Structures are given as structure tokens and as C-alpha cells.
Amino acid sequence: MKFSSIILLTLLICSMSIFGNCQVQTNVKCQGGSCASVCRREIGVAAGKCINGKCVCYRN
């Protein structure tokens with residue numbers, strides 16, 4: 001599975017964080033609604049939504 005460097009860096013920061021949820025903004029464009037399939041493919045979680053035209057995934 002290919003990860004862009006920004007997503008990989010964000011995942012590293014999220015995994016080291018002691019705080020709750022972490023947001024990962026992808027480069028995938030969207031037009032409202034859920035980004036579950038994108039988030040599942042990009043970071044392995046199904047939690048995500050479209051914010052400002054980009055899919056944002058949430059990792060606990």
C-alpha cells in the first residue's frame with residue numbers, strides 16, 4: 001500500500017500523541033458527505049468526512 005509522505009508523517013505524530021482523536025487530511029477531492037472508502041483505503045479506518053473539498057479521516 002502506498003502512503004504519501006504527509007500522511008505517513010501525520011500517522012507517526014498521531015500514534016505518538018496522548019490526546020484523543022487525530023485528523024488526517026488527504027489529497028483526495030470530495031463534494032460533501034462521507035469519505036469512508038477513501039479513509040479505509042488511505043489509513044485503514046472508516047471514519048472520515050468531506051471538509052473544504054478534501055477528505056479528512058479521523059484516527060482514534
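Any Cβ shown, glycine's included, is placed from N, Cα and C.
Among the candidates Cys30, Cys39, Cys57, the disulfide partner that Swiss-Prot records for Cys50 is Cys30. Put simply, Tyr58 (site 'Aromatic residue of the functional dyad') is 9 Å from Lys49 (site 'Basic residue of the functional dyad') when counted between their Cα atoms. In sequence order, Val56, Cys57, Tyr58, Arg59 are the residues of the chain that are 6 or more apart from Gln23 (pyrrolidone carboxylic acid) and have a CB within less than 8 Å of its CB. Comparing Cβ neighbour counts within 10 Å across the disulfide-bonded residues Cys30, Cys35, Cys55, Cys57, the minimum falls on Cys30.
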